[in-house]
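Pulled from TrEMBL:
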- C26-C38: disulfide bond (DISULFID)
- C33-C51: disulfide bond (DISULFID)
- C861-C870: disulfide bond (DISULFID)
- C944-C953: disulfide bond (DISULFID)
- 828-871: domain 'EGF-like' (DOMAIN)
- 877-943: domain 'Kazal-like' (DOMAIN)
- 912-954: domain 'EGF-like' (DOMAIN)
Amino acid sequence: MVVTGTQQCMDGLDEDNCEELEYNECQENEYRCKDGSCIAEQYWLDGEFDCSDMSDEQSTSEHNMDSERCPLSSSRFNCDEITAGLEYFACGDGRNCFFCEYQWHSADPSLWTLANGHCVDKVVMEKTLTEMNESEKCVFFLKCKLMHITSADCGHAIHDFPTLCKDKKINYPTGPFFKPYGQTIYQINTPQSSNEPTYLHFDGTIKCIGYQALWKRDKTLVRWRDFIKYYPFDIFFCRFAQQINMYGPQFDKNCWNSTKQSFLCQESHKCISKYRVLDNIHECFNSEDEKDPQGCQAKGKHQLSCLFEIPICLSTFQIGEMFPNCDDGNDIYIIQLSRLLEDFKCKISNSIECRLLKDHIQSPSVVLTAYRGATITFRQFCDTLWDLPKGFDESMCNQWKCPKDQFQCLSGHCVSLSSVKKQELNDWHCPDASDKAGLFRIVKLSAHNARLINNYELETIKSERLLYNTWFDAFNIFCNRTLEYPCILANVNEPLNFAVNRPCINLIRIGDGVIDCYGGLDERNVLSCGNNTSQQRGFDFHCSNEQCIPYSQHCTQRCSNNADTLLCDQLPALTTLSCRDSQKLSCDANFGDECKPSGIDEFYCDNSRSSRRRSRPYRHSGWQKRETFVHLSAYPQSQEIVSPNVAQLQQRETIDIYSNVLQTQQDDGEEGWICGRGIATRTNKIGAMQCFCPPSLFGEYCQHFSDRITVIISLYDIPSKLSEQSSNIIKILALLLSDDQTIDHRVIHLPMILSKDLNKKFRFNLIHQRPKLSPKSYTIRFEAYYVSIDLSIKFLAVWEYAVQFPFLPSYRLAQVLKFEKESIFLMKSHICQTANPCGPSSICHPIMNKLTNISAFYCYCNSNSFGKICEHSFSRLSLPINCSIHAVLRPLSLSTSICLCPAHLYGPTCHINHTCEYRNPCGAGRGKCFHNPENMTHDYICVCDKKYFGYHCEFDSARIRINFTKLSFVQSPSNF
């Protein structure tokens, strides 16, 4: 929980140096995470979370559920390596510091807190009721009430303990769980509408802006309800502190604004980066950060700009959510394609969804030309929505056949039956309005529509619509709605002289391509607006064939030929003051008598778009993903598909079942929880519990987090001469260095048989020493080796990255290791070209990610030396490791070294053969076995012949045989 912007330690020790991260700037080829850290730009919107705060991808229900499972899950990389709310994590170190019963969100289930601080989804009696003392009984009673459980054990407590506990103030949990200075207290006899505590006890000190705040533990209690009115919570502590120390640990009173792009939250005692200003995330008390009239001041190229009263800049995880952040709907719609962004979830790297989202954020102007028509399906034709320029997909629909569950317009288009039944008059979908105003043209149902609705239902809808029109129609006194559509006429001299120019047109003139209504309302689903040929006109105002005024800009932007004078000047002048809205038509859906003629102020209003949402796209509510389910008959299974090798499958089933048993024991049993995210085992001799911890944790119960580097890397631009050799492997040696001293290392492999999987990422930890060395410079080096099937191991390239924030206990490096072309290196006056700084029998190499620095180099030492310039020599016999004769010995110091194994061997000293070397698990003649050192459970990959498939090529592929008999040709084949 270090550097989260919230103090979790006394005096905010966990937030020391946090301004370095908060105000950090990334390189041009990097993506800036919300917390200020940087990842490779290629990892932005690739379907996988790489920022520790998960701000590089869209927020999905799957990722939210994933975080919520962390308290109940076993060892999982994602749970240890993300920045998330305190509510999702337990201590598990024997301290009852986690509060599982508290519901942070109303939809979350309450859990039960064990004595070791972990959560389970059931009541666990760690003592019998008779063994509990008075205080323990009241805590047990409180936990039962908080979980709303009335099982046998809780039932006895709830029945027997109310009198015992009713006047007691119960400290629960026993230590602070959400703030280092706050102890929560419950009082049983106080009515509780939720799981919230009754009081807080303050004790401690924290940093405030310009001073240190102090509260001493005494009898003073703060009501929880008073406390939570303030956000962030530290505001309360700072504002009402019992004592203030002007010389104690504190935040800079000017927010480092002389050197940083900072923003001071005056009321919140908080400093934030300008990247957080106007991002629609309320960081400051009273939303100070969301009220800057200048708009977002530090827009990154990976943020989406849109309007929310004033310009705001949204991060990736805020795009495509169910509820919009932008007034213009730019964060939930791809307006150019008439699509909802929630239908375009980026889940697979470089998919059309990911590319589309990137373009929508960075270059929205290219979206239309790049993607229009790229994904149009058969069912998108004649559905009344434009998917091709000028609505080409909606033309020539007279003979179209609609799906059985859709209503067919008189024009031949297909709409949902619900569209016909709704009473909104101006919200028609059929181009000819035959689902709404033009429904009266249907005298007899077609055979298709008769299967959806009967004549009685049709006449009932018509009758209801006439009644509705009587009340909600500006011109109901002028027009016969069974034959006419009411509107102010276009192309007449006195359009408001209704005695001469009745405001009515025949229903058959709707959608005929000719503008009969003022502004073009009758052709809203047929014509486009000006030069915008990708969208239907809707309620945009037609000035001329070249100019059109968007609905949101009516009477603000004006027609150059004054065609909107009637709408913007004459109509408001006719209406009474009570019905005007700043000289504009009100569009308040009020058809009362305050406006004369009645309801005339609603004439040009789209009631599906409120005044707040006038800039939303026309018909946006119909842009949901359109899917059609086609039921196909079952394809007969080939009689030649053979059964898999039973012995192999039984072996795999045994492994899977055993794994599930271990998981069940670990998750359900109290003893399984004792090791936190580690694995609990029993020793054979005395039956004592022993914990095996993952690299990120250590301690007797895996209760402590290791100081570590979280590494996420992938390879890019692998030379074709390497990737074409499918039997070979690229080996990466990752080293954590401090002043050229190796702290930790990790070896990973990419078999060339998988090299076409360009999205493959490697995720692992490099662990610091314990205790961690005092803050100093750290470097992470990656050395690439090419491992050939002929047993040779050749050095390829090297990359080096500085650890940017060494004060962080968990630093994340997410980079792409790119193989630069040799010509780039050879063209430069690099030190390896002009002078060899390395020792004898060693080779100087440029550092791939520092080619612009002609002084950056790496010395690849021979087998008898090591050091920055290979200055240290050693004897192979002096090292305490006995590598295989086929391996490469890589010394790390005078006393430590590692063995780099050839393709067919593995193990610490490379003496163990891989599976492919002593048997072929892929079946004789069915497939070829390739080494896969990254997977120790199955250290091989089967590449099957096209006739077979399966993990071990155990299945025969189904085949279709086509036989031609009695062939005859109109012409001789020789004439073709």
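Note: Cβ is positioned from N, Cα and C throughout, glycine not excepted.
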* Asked: Where the distance is taken from Cα to Cα, which of the disulfide-bonded residues C33, C51, C953 turns out closest to C26 (disulfide bond)?
  -> C33
* To do: Measuring CA to CA, name the entry from the disulfide-bonded residues C33, C38, C51, C944 that ends up nearest C870 (disulfide bond).
  => C38
* Just how many other Cβ atoms lie inside 10 Å of the Cβ on C861 (disulfide bond)? -> 22
* Could you list the residues of the same chain, at least six apart in sequence, whose Cβ is under 8 A from the Cβ of C51 (disulfide bond)? => Y31, C33, K34, D35, S37, I39, R812, A814
* Using DSSP, tally how many residues of the domain 'Kazal-like' (877-943) sit in helix, strand and coil. => 6 helix, 21 strand, 40 coil
* Which one of these disulfide-bonded residues, C26, C38, C870, has the sparsest Cβ neighbourhood, judged by other Cβ atoms within 10 angstroms? -> C26
* Over the span of the domain 'EGF-like' (828-871), count residues by DSSP class, listing helix, strand and coil in order. => 7 helix, 10 strand, 27 coil
* Provide, as an integer number of angstrom, the distance between the C-alpha atoms of C38 (disulfide bond) and C953 (disulfide bond). => 43
* Can you grab the distance from C944 (disulfide bond) over to C861 (disulfide bond)? Cα atoms, rounded to a whole Å. => 41
* C-beta crowding around C953 (disulfide bond), within 10 angstroms -> 25
* Indicate the candidate from C33, C944 with the smallest number of other Cβ atoms within 10 Å of its Cβ, considering only these disulfide-bonded residues. => C944
* What is the average pLDDT across the domain 'EGF-like' (912-954)? -> 88
* Asked: How far is it from C861 (disulfide bond) to C953 (disulfide bond), counting Cα to Cα, in Å?
  -> 43
